[in-house]
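Novice: The structure that follows is given in the form of structure tokens.
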Amino acid sequence: MDTSVLNPELQIHGFIGVDSLQSSRKRKNDFDDFPLNKGLKTNNNDYSGSIEPKFSPALSIKEDGKNDRNFEALMSLQAQDSNLSEQNTSIHLDALASSSIALGNDNVDSSAFLSKVNKGVNAMRNSTSNQTNDSILISPSEITNMDPFLKGSARWTAEHWDYLERRMQNFCQTYSLDHTQVADSLHEKRLHGPLSSLVKLLVQEMPSFTRRTILRHLRALYNIPGYEKYSRKNSSGRGDFGVQETAIISQEVHNFIMDQGWSEYQFCNQIWAGKCPKTIRMFYSNLYKKLSHRDAKSIYHHVRRAYNPFEDRCVWSKEEDEELRKNVVEHGKCWTKIGRKMARMPNDCRDRWRDVVRFGDKLKRNAWSLEEETQLLQIVAELRNREDLSSDINWTLVAQMLGTRTRLQCRYKFQQLTKAASKFELQENVWLLERIYDSLLNNGGKIHWENIVKEANGRWTRDQMLFQFINLKKMIPSYDNLPLLEATKSAIDDFKVVLSGFSN
């Protein structure tokens, strides 16, 4: 096993005490990142159609009073790292029935390309006939003095997959679990017991990655729905770059900077130079031949994303937002020029402008109002009427028309509003319109959705009924010509005429 992905400080037994493990539970973002959950309020009824996660009793151990046992078992995992190095076995899949773990069989030699932690000091193992599995350890001072941009741009490589697979193999042996039980537990929105403690230990062992990144890849390892994009992939020629492709690029970059006598930071500056130097053009030409199944443009952009000299990737201060605003006024949307002036990725500048800065003080982060939701649905319906229904929705344009929410907020809210519900039949449309008519009549022309939701008895959420009402308004001509109350009464009468025809 390539233990260079670990923090060597943590290889000293006894370094992590029970107190430090308990204190790590106080970390923020202890929840995972299930798709669309962030920033959204979800109704328990919305999950009625989903698969009920089955948490194994073996993993539902109460943490109070049993932390010592969990910790001792986890420390034994660290103590057995040397044994794991000698075992090159993958997770056995015999115990799995319907869901199997997608383990890589791409046979990438993890010693053939640059390790993520060793990247900052240009350390590389030589591939020779008598090569061993001994890791190249970096002193704590070297880790501290690494270029700060490395952590933000860390790439998950074959070495990390190998290590994660072996960790899970040993974890299952320690707790006498099969991988089906682990997979069931990973369906839970929050981890418990020894599995939660293992994730916290992995966070300390792989400091280049956040807890969220580790959890995403762990769930992808066990084929949890929604995490397919993080799974271990071979070279496909499309989509995200696979493990083999990433390994080839890393090896080519290492060979190139060794030949040129550069540091990696110098290489990053060269590929981001205003005019691409001849040596860099030769590097790309050679790389295109190595990855001939890939489009040259996708390779070019992948290398620039993976190797860039910019330190900050996520956090923006108010001063930087104001600087970005001034640069857009001065240079327009020339993101390459703006990115060079601000020492940031051009795409980061573009996204920050598009998602935050251009809204100014109008941007809202609080809960959506009913008026905003209605306006969002109407905007999407209008755009779909203009364009082909099969085409993707332009969420940037939707956000621009709404004026108070970002494109991501609009997209997530629309998906929440239109999530799958029981289909409205003709009689149910009449039921819905009658409840809306009564609410309008009794509340001065206002719709009290909370009362209608109670009468629905959990069959539909407020969002689903609102979406259906907006669709009905588009279908029924009377809503274009009459006030809301009168149009609703007319629609009810029309539907009842149709129903009476069916009954006859």
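Cβ coordinates are placed from backbone N, Cα and C, and glycine is handled just like the others.
Annotation source Swiss-Prot lists region 'Disordered' at 30-51. Marked as domain 'HTH myb-type 1' by Swiss-Prot: 308-361. Look at Swiss-Prot and you will find 335-357, 395-418 tagged as DNA-binding region. What Swiss-Prot records for 362-422 is domain 'HTH myb-type 2'.
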Novice: Within the DNA-binding region (395-418), what mean pLDDT does the predicted structure show?
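Specialist: Across the DNA-binding region (395-418), the average pLDDT comes out at 87.
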Novice: On the DSSP side of things, how many residues of the DNA-binding region (395-418) fall into helix, strand and coil, could you say?
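Specialist: Taking the DNA-binding region (395-418) as a whole: 19 helix, 0 strand, 5 coil.
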Novice: Across the domain 'HTH myb-type 2' (362-422), what are the DSSP residue counts per state (helix, strand, coil)?
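Specialist: Summed over the domain 'HTH myb-type 2' (362-422), the classes give 37 helix, 0 strand, 24 coil.
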